[in-house]
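Participant: Per TrEMBL, the features are:
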- 549-579: compositional bias 'Low complexity' (COMPBIAS)
- 295-498: domain 'TM7S3/TM198-like' (DOMAIN)
- 538-605: region 'Disordered' (REGION)
- 1-27: signal peptide (SIGNAL)
- 288-307: transmembrane segment (TRANSMEM)
- 314-332: transmembrane segment (TRANSMEM)
- 338-359: transmembrane segment (TRANSMEM)
- 371-389: transmembrane segment (TRANSMEM)
- 401-420: transmembrane segment (TRANSMEM)
- 427-448: transmembrane segment (TRANSMEM)
- 480-499: transmembrane segment (TRANSMEM)
Amino acid sequence: MYNLAGFVIRLWLVCCFWLCHQNYAESATYSFPVEKSHIAVLPANETTSIQTKGLSMKSSRFVVIQVHSQRKILFLSSNKDFDVDSTKTGKNVGLVTLLTVGQDKETWYIKANCTQNVTVSVIIQLYTDSDPIPGGCNQVFNLEQDPSVVIEHKRPYRSNVFFQWANLATRPGRKLPDCEDKEVLDNLEYEVYVSFMRQRDLGEDEFMRAVQQVLRPEDLKEHGTKIFSETDTPTSQSQVSVTSREGQGAVYSVLVRRKDTGHSATYTTAVSYACDIDGGGCDVSLSALRIAGAIFLGVVGLFLLLFGHRYFRASQVVFGFIFSGLLTYIVIFQAQTHDWVCLLLAVLVGVIGGGAWLAVWQRFNFPTAQVFLMGLCAGYVVAAVVFFTPFGNISWWTAPVNYALCYVCLVLIFSVAFMAFPKFLSIMSCCIVGSMMALWSVSIPLWASLEMIFLNSIYHQTQSSYSEVKVVYPLNMQDIVIYAFWPAIAILGMGLQFYREMGNAGFSKPFEILRSSVLRHHELPRPSSRGRNVYTYEDDAEDERHNVSESNSGSGLGGNSETSRLLSSGQSQTSAQQQPLYRSVHSRAQPSAPVNDSAKFNDVI
């Protein structure tokens with residue numbers, strides 16, 4: 001009796017243990033149809049199985065599963081043991097499973113080693129023997145076919161996208177072709193796409209929305225932006241570098257297409273924020289420094305836009321600061337990799353350069369050099385805008401020499417083209433740079449991409465390999481509004497300044513003051529301290545009075561009597577009062593030649 005009771009108890013314990021083990025191993029099971037994306041919740045510290053049916057379709061050859069999590073590391077495998085040769089690890093994982101003849105269903109196993117439930121996005125895609133196999137020629141990872149897209153961040157503003165070459169699918173039961181076969185190499189074409197999330201939105205809902213809209217080939221072409229196209233040649237590399245921004249969510253996808261059949265397949269979609277979202281490294285809030293910088297840029301930008309040419313001396317300080325500070329940052333960065341050190345030195349040298357450039361204007365009053373520097377700063381902005389467009393992604397610019405020469409030419413062409421019109425160049429430069437700075441102050445709190453135009457040019461000039469990076473940034477509604485306002489307010493500012501300066505002659509005789517300072521010529525004019533950009537002759541009245549007095553004293557009408565001297569003095573005062581202060585050097589009254597007394601006597605006789 002006791003033996004029977006003990007046997008029953010032991011049997012009951014074994015069954016409970018077996019049931020608990022089975023419940024732990026497969027606590028949840030999902031059954032998903034193919035070609036549709038789904039949201040699933042994975043239990044904490046448990047293994048979940050995902051099944052699909054209906055695979056025994058005509059010409060079916062392989063199936064691809066993708067699972068995406070925003071923050072947690074996932075383990076996806078084709079067997080329960082999660083061995084190395086059949087398991088993929090990461091936040092965005094995918095597997096390629098080749099189908100056998102008559103196979104109708106497939107099961108995968110997934111788990112997340114964490115203490116909380118994990119929400120994931122799942123899609124299962126069925127492909128035929130006319131499609132390419134993404135990652136079918138893997139030579140780096142453990143899996144024989146690996147459709148993964150790997151994102152690497154060397155710096156917050158740059159992301160490297162890697163993937164493995166694909167292969168051609170064959171009918172079930174046949175061996176896959178060799179990856180080095182010429183037919184495989186010539187028949188496949190690869191395209192890299194990117195799709196951006198909403199700015200400053202790090203939520204899980206936005207993550208799921210952005211991922212699900214680019215999982216299928218047809219959706220990828222509709223919602224993604226193509227940034228790279230490549231074929232497998234002996235010199236090709238299955239990677240591309242693209243621009244990135246810290247805290248900006250980006251979804252990267254690779255599409256491989258067969259040229260003979262026209263069919264396409266997608267790799268496993270990868271998501272990047274260019275920062276550590278799990279460790280709290282993604283900070284999209286406005287710091288006090290960014291707010292102070294936005295206010296400073298706004299004040300200086302509005303000043304240049306509305307009053308830049310009117311207060312010419314103040315604008316010279318601003319442009320001297322911009323030119324010297326920017327040049328210092330680019331030069332120092334080649335030897336110093338710490339950004340804050342380069343930025344601090346650039347600000348210090350910029351302040352000194354702004355004061356020195358004002359001293360040059362005060363000493364020589366040479367408008368040609370002053371407006372040329374202003375044109376260089378405005379030309380730099382114009383060149384940065386040009387290379388921020390798709391024009392900057394032309395393969396010709398991957399050579400740093402080509403990029404540098406074209407950039408310098410754009411900067412110089414803008415200045416040289418308007419050097420014959422210094423007043424026009426001064427006003428236009430103030431409005432272009434001022435409008436950029438004013439809108440930059442607005443784009444900082446809105447998290448718009450206007451500041452990336454300027455930063456993109458800086459990265460090209462400070463990073464040795466940045467010329468290979470493809471420039472791509474999101475274009476949201478706030479970006480469109482800011483880009484539309486930029487030329488509008490620049491033109492309005494130019495119109496306002498031209499209207500205000502309509503009665504001003506602008507810069508006059510720029511070379512005479514330089515010659516007077518260098519050659520110490522007594523007859524050359526000196527700048528007046530009473531006006532702006534105006535040359536006057538303060539000694540004209542005294543010279544006229546001296547000339548008239550000598551001519552009258554030597555004439556036969558007045559002789560050397562006191563009356564004649566008084567008359568001459570009154571005439572000279574009247575002449576001095578009627579003579580305008582602003583005259584050319586050639587219009588000045590020259591001293592008359594002394595009259596010979598013997599010659600006058602002969603004339604009288």
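Every residue gets a Cβ built from N, Cα and C, even glycine.
Automated prediction, rather than curation, is the source of TrEMBL annotations.
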Participant: Six or more residues beyond either end and a Cβ under 8 Å away: which residues meet both conditions relative to the transmembrane segment (371-389)?
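Facilitator: That would be 315, 319-320, 322-323, 326, 357, 397, 403, 407, 410-416, 418-419, 422, 425-426, 428-430, 432-433, 436, 452-454, 456-457, 460, 471, 507.
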Participant: Would you report the average pLDDT that the model assigns to the domain 'TM7S3/TM198-like' (295-498)?
Facilitator: 90
Participant: Answer yes if the transmembrane segment (338-359) and the transmembrane segment (401-420) have at least three CB pairs under 8 Å among residue pairs 6 or more apart in sequence, and no otherwise.
Facilitator: no
Participant: Short question: which residues 6 or more past the ends of the transmembrane segment (314-332) have a Cβ under 8 Å from it?
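Facilitator: Contacts of the transmembrane segment (314-332) (Cβ under 8 Å, skipping residues fewer than 6 from its ends): 300, 303-304, 308, 341-343, 345-347, 349-358, 361, 370, 373-374, 376-377, 380, 426, 429-430, 433, 458, 461-462.
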Participant: Apart from its near flanks, which chain residues at least 6 from the ends of the transmembrane segment (401-420) lie with a Cβ under 8 angstroms of it?
Facilitator: 368, 371-372, 375-376, 378-380, 382-383, 386-387, 428, 457, 460, 467
